[in-house]
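S.K.: Structure in structure tokens, see below.
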Amino acid sequence: MFRNLILCSFLFLSKGLMAQSPEVKIHSHNDYQQETPFWNAFSAKAASIEVDVFLKNRQLYVAHEEETISTARTLATDYLAPLETIAARYGTERLGFQLMIDSKTEAYTTLKAIDAALQPYLVFLWPNNPDGVRVVISGKRPKPADYGQYPDYIQFDCQNMDNVPSAAWQKIAMISTGFYRLSRWNGKGRFTHKDLERVTAFIAKAKSFEKPVRLWATPDSKTAWKKLYDLGVDYINTDHPQRVRMFFDGLEDCESQLTKKKEVYRPSYDYIQTGKRPKNVILMIGDGMGLAQISAATLSNGGQLSLTQLTDIGFVQTQATDDFTTDSAAGATAYATGVRTNNRAIGVGPNGKPLGNLPQLLSQKGWHTALITTDALTGATPGAFYAHVVDRGEEETMAKQFVENPFTLFAGAGKANFSAKQLERLEENGFEWAASVSEVSQKGQAGRLGLFLAEGALPAKMDGRGNLMPELMEGALRYLKSKKKPFFMLMENGMVDSFGHANHTQGIVTEVLDFDACIAQALRFADGNNETLVIVTADHETGGFSLPQGHMEQGYIQGDFTTHDHTGIMVPIFAYGPGAEHFKGVCRNNQVFDKILEALEIEP
């Protein structure tokens with residue numbers, strides 16, 4: 001779960017298309033039209049700030065058109081005076097940006113006035129101050145042959161690379177052109193091939209002069225920012241500098257790249273010929289795993305998962321009784337008990353009264369039951385299959401209730417949540433302890449078996465958990481098989497949800513792939529007896545996750561998120577084995593409980 005998230009170093013190799021904390025240079029286009037001119041761009045760490053000026057009555061006014069001139073707004077008041085404030089408050093090292101002054105009136109007289117306006121501020125300008133502001137003149141400029149007449153602290157924007165005198169290049173700070181001259185792309189989808197050729201050719205030509213590139217009038221969207229950055233445009237032109245800063249600052253967490261494809265298990269579907277009803281049920285919950293999370297892992301892995309081999313597919317509506325967007329407590333309770341309830345409630349109805357659950361019901365009928373999770377055993381999702389509390393925060397009460405759990409086998413994290421006395425009670429109730437995952441399959445003689453995976457939180461897959469969960473799944477199934485009785489298993493990966501809350505694409509992909517390896521173990525087991533029903537779903541989706549960009553051949557995914565919370569969209573449900581046909585179509589989350597019992601031909 002989210003509180004257990006460990007943000008960590010990557011095990012995926014960060015090569016190819018993945019950005020490594022991109023040093024994007026933001027150009028605040030027409031900055032004077034911002035609600036808070038200059039300061040909004042400065043706080044977004046813009047590398048270039050654009051201001052249009054008109055010379056009128058010997059004064060340099062800031063405006064977009066002459067008709068909109070306000071005598072209260074001048075180059076000095078709006079864009080030069082702040083330099084002194086910055087130097088005094090933050091030091092001159094914060095002055096390392098470009099001030100692009102777009103001259104809207106006659107070039108020579110306007111530039112003379114600009115130079116005069118700069119005089120009180122020369123100490124804040126490059127190259128007088130190595131950390132200073134670089135002043136670049138755009139718009140109406142002198143002829144390139146005259147650039148050398150101006151002091152070093154005045155540089156120029158080049159908008160025509162042809163026939164520029166060689167000496168003038170020393171005074172040129174960047175090369176710019178209007179995007180519309182190269183392409184009609186609207187920032188959605190991708191460039192046409194011809195447009196892409198024109199854009200890349202312009203960039204290549206500009207780079208040959210060893211100057212940074214700026215395009216103006218570009219589409220102002222996430223897709224456009226990222227594409228132009230990838231193409232080598234140095235200054236990302238935008239009317240939304242804060243949004244661009246947030247996008248690129250979060251980009252590393254939004255990207256994932258898988259360098260080695262994971263093995264996919266392809267089930268046999270032999271069970272169809274047997275006509276048997278299910279003897280065992282394996283319910284697998286990927287906490288927070290919606291369609292986009294599954295898609296991200298699938299597309300990273302060349303378009304295939306073990307999960308995507310399944311053909312009996314439906315969708316689950318996840319709403320709680322008191323909220324459109326469920327939490328794990330209410331979502332898992334619906335699966336475990338067949339009753340929709342309030343958010344935060346575990347194993348109780350909206351009235352607060354305890355509800356019967358699948359492990360209790362089936363154990364009373366002679367079934368073995370098992371609980372396996374990456375989460376703490378007192379977490380919301382596993383808790384719904386044994387506990388009865390009004391609020392998921394009552395973990396001490398849940399730990400007490402766990403002592404009387406119906407399970408034959410359990411494995412999960414959070415040993416520290418249990419007192420020494422509670423651990424003794426578990427032993428008195430017949431539990432033996434496995435010291436490691438490998439011991440689980442070796443202790444078939446144990447009547448009841450428990451394994452604590454961690455004192456506190458279990459590490460994430462990309463923090464070095466390795467193949468612990470798939471190996472545990474394999475061992476647990478061997479242990480249950482040795483009992484030679486029907487069994488029900490709840491297996492949860494709680495960390496898809498954790499990384500959804502953290503808006504971390506690579507974490508999502510690694511956890512779904514690890515969960516898929518556990519699914520492969522379940523499918524392989526089901527194929528071994530043709531009497532096991534495997535159900536894979538989620539309690540809810542987390543993060544409002546989407547996949548705006550990617551590259552299947554390189555295993556690259558760029559994700560995006562709308563929230564750090566859960567969402568109310570439907571989640572997929574997959575089934576395999578006898579009774580799988582019950583899970584097609586659309587149902588409410590509590591109806592999954594009913595469908596399991598229908599498949600087993602058991603009355604609730």
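Keep in mind that glycine also has a Cβ here, set from the backbone N, Cα and C atoms.
Owing to the predicted nature of the structure, the values given are computational and were not obtained by experimental measurement.
Sequence annotations record features per position, and here TrEMBL assigns signal peptide to 1-19. Taken from TrEMBL, the feature Zn(2+) binding site applies to ASP287, ASP497, HIS501, ASP539, HIS540. Per TrEMBL, Mg(2+) binding site is recorded for ASP287, THR381, GLU492. Look at TrEMBL and you will find SER328 tagged as active site, phosphoserine intermediate.
Buried or exposed, and what's around them? Tell me for each listed feature.
M.R.: DSSP classifies ASP287 (Zn(2+) binding site) as coil under the three-state reduction.
According to DSSP, SER328 (active site, phosphoserine intermediate) sits within a helical segment. Counted within 10 Å of its Cβ, the other Cβ atoms near SER328 (active site, phosphoserine intermediate) come to 31, all protein chains included.
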S.K.: Out of ASP287, SER328, ASP497, HIS501, give those recorded positions positioned within 10 angstroms of THR381 (Mg(2+) binding site), comparing C-alpha atoms, in sequence order.
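M.R.: Within 10 Å Cα-Cα: ASP287, SER328.
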S.K.: Provide, as an integer number of angstrom, the distance between the C-alpha atoms of SER328 (active site, phosphoserine intermediate) and GLU492 (Mg(2+) binding site).
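M.R.: GLU492 (Mg(2+) binding site) has its Cα 11 Å from the Cα of SER328 (active site, phosphoserine intermediate).
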S.K.: Report, as a single number, how many Cβ atoms besides its own are within 10 Å of the Cβ of ASP497 (Zn(2+) binding site).
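M.R.: For ASP497 (Zn(2+) binding site), the count of other Cβ atoms within 10 Å is 35.
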S.K.: Can you tell me whether DSSP puts HIS501 (Zn(2+) binding site) in helix, strand or coil?
M.R.: helix
S.K.: In whole Å, how far is GLU492 (Mg(2+) binding site) from HIS501 (Zn(2+) binding site) when you measure between their Cα atoms?
M.R.: 17
S.K.: Which of the three DSSP-derived classes (helix, strand, coil) applies to ASP539 (Zn(2+) binding site)?
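M.R.: In the DSSP reduction, ASP539 (Zn(2+) binding site) maps to coil.
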S.K.: Does HIS540 (Zn(2+) binding site) have same-chain partners at least 6 apart in sequence with Cβ under 8 Å from its own Cβ, and which are they?
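M.R.: Within the chain, HIS540 (Zn(2+) binding site) has Cβ neighbours under 8 Å at ASP287, GLY288, GLY290, THR318, THR325, THR326, ASP327, SER328, GLY331, HIS566, THR567, GLY568, VAL571.
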